[in-house]
Amino acid sequence: MKLKRFLGLIIAKILLKFLVILKRGAGATSLPGKFLTFFDRNFLKDIALNFKIIVVTGSNGKTTTTRMIGQILKENGITFVTNYAGANLLSGIATALLQGVDVFGCPLVPVLLLEIDEATLKKVSTEISPEVLVVTNIFRDQLDRYGEVYQTLNYVKDGVANFKNTKLVLNADDSLVASLAKVKPFEVFYFGLDSEGFEDLQQNTDARYCLFCKTKYSYEKHYYGHLGHFKCPACGYRRPEPNLSCLKIVEMGEDYSRYLLGIKGEDFQTYHEVNLSLPGIYNIYNSLAALTCSQALGLNLKKSMEALSTFSGAFGRTENLFLAGKKLKIVLVKNPAGFNQALNLLTQEKSKVGLAFLINDLPADGEDVSWLWDVNFEVLNLITDKIKFILAGGRRAEDLALRLKYEGLAKEKIKIMEGYREVINFGLKEIDPQDVFYIFPTYTALIGFRKTLNEKFKLKEFWK
């Protein structure tokens, strides 16, 4: 077995190096691990025992939260390996682990930081047991792959049930996520918002009814989707008190956020200001998840907050690029809740904007695109004077264009594009230097679009 593992590690490391040289970005994040888990089926289970493991899962915010935690670890002088490119299936996890060991399987770093897909969490839970599990949220996501929110919750619940001595970092404002505290008597750290609510609960919101007695929740405050201060009037299941919370949003712009952080047990007049170079309520949630993870790890909170002040975002997650003298902003979209929050960014934008929606229907995107009809595209009608053009691209460009036309948007502004290069060329030509070109892609469209950008402008590979 030792000889077989030695040979497997050598071959996998050579394959990884070869793919990096060939600039096969997406392949380099998964193929070596895919080979290794096939060649040595006990690799993950055996080698993972040598690491302190931090796992991040959830429907939205996994990649950004994982990167934030990575920044915090660096600021605290802790070395680690991670699947930064968002390769969060089993092969991507194994590839990350491969980079953390030498050819003899000995660890090169003490910490393994993993972003794990919700469905994969159940599978990998028999192989590893993390010190900390962070669950960002659970929303309806990729209907054909996960079914619906309760199926997704069950995947995560089954994973938690298999873990041993794991600290849980849970979103207190998500009734589904908060329920995971009941699975096992683990130590739990909650995060959430205590600032003013933002919007009314939508009719198509996920998880409107109590998990335990099916009574409709009441909300003292509501933030987005089904996130808020929920309470079941029948059985009493309610939002738990957070360990760390956003007491007040001081300021939010198109590229930044500032909020006051409260800590459980401190006087209500005590607060700490957190500065983020990212916009949006969802990024405040992501930062709270990362800071609460640092608390669970026993790290210095001040250093952790300083780390977030220099955090610049993850690949395709509110990613800013400046090309040919023009500003591009790429925001990954994959379900109604996340898409709605992404569109809300446009209401904070002071400049005129060009928009591109790139919708694919491959397995990694979700083959059922009916979820587009639950996205609140009507927000675009509120800012129609700011919109210079709307481009529909990807495999389901026509479906997206139809959805936009049903929303009553000006037909002359909507254009169907044949390919990513056409999207880039049109967008950069039509926007002025003071404008912003927003691109909203699904996952495989993001990979394809970013690859085309890399080729055209010789950019750094996204997975590096």
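Backbone N, Cα and C atoms are what each Cβ position is placed from, and that goes for glycine too.
Here is what TrEMBL says about this protein:
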DOMAIN    56-207  domain 'Mur ligase central'
BINDING   CYS210, CYS213, CYS232, CYS235  Zn(2+) binding site
ACT_SITE  ASP368  active site
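Features as recorded by TrEMBL, highlighted on the structure.
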residue	record	DSSP class
CYS210	Zn(2+) binding site	coil
CYS232	Zn(2+) binding site	coil
ASP368	active site	coil
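Here the candidates are the binding-site residues CYS210, CYS213, CYS232, CYS235. The one whose C-alpha lies nearest to that of ASP368 (active site) is CYS210. Just so you know, the Cβ of CYS232 (Zn(2+) binding site) picks up 19 other Cβ atoms within 10 Å once every protein chain is counted. One way to see the shell of the Zn(2+) site is to take the Cβ centroid of CYS210, CYS213, CYS232, CYS235; the remaining same-chain residues with a Cβ within 8 Å of it are LEU211, PHE212, LYS214, THR215, PRO233, ALA234, GLY236, TYR237. Within the same chain, the residues at least 6 positions away from CYS235 (Zn(2+) binding site) whose Cβ sits under 8 Å from its Cβ are CYS210, PHE212, CYS213, THR215, listed in sequence order. When Cβ atoms from all protein chains are considered, those within 10 Å of CYS210 (Zn(2+) binding site) total 21, not counting its own.
All protein chains shown were included, and the count of other CB atoms within 10 Å of the CB of ASP368 (active site) stands at 12. The average pLDDT computed for the domain 'Mur ligase central' (56-207) is 89. Counting every protein chain shown, the number of other Cβ atoms lying within 10 Å of the Cβ of CYS213 (Zn(2+) binding site) is 12.
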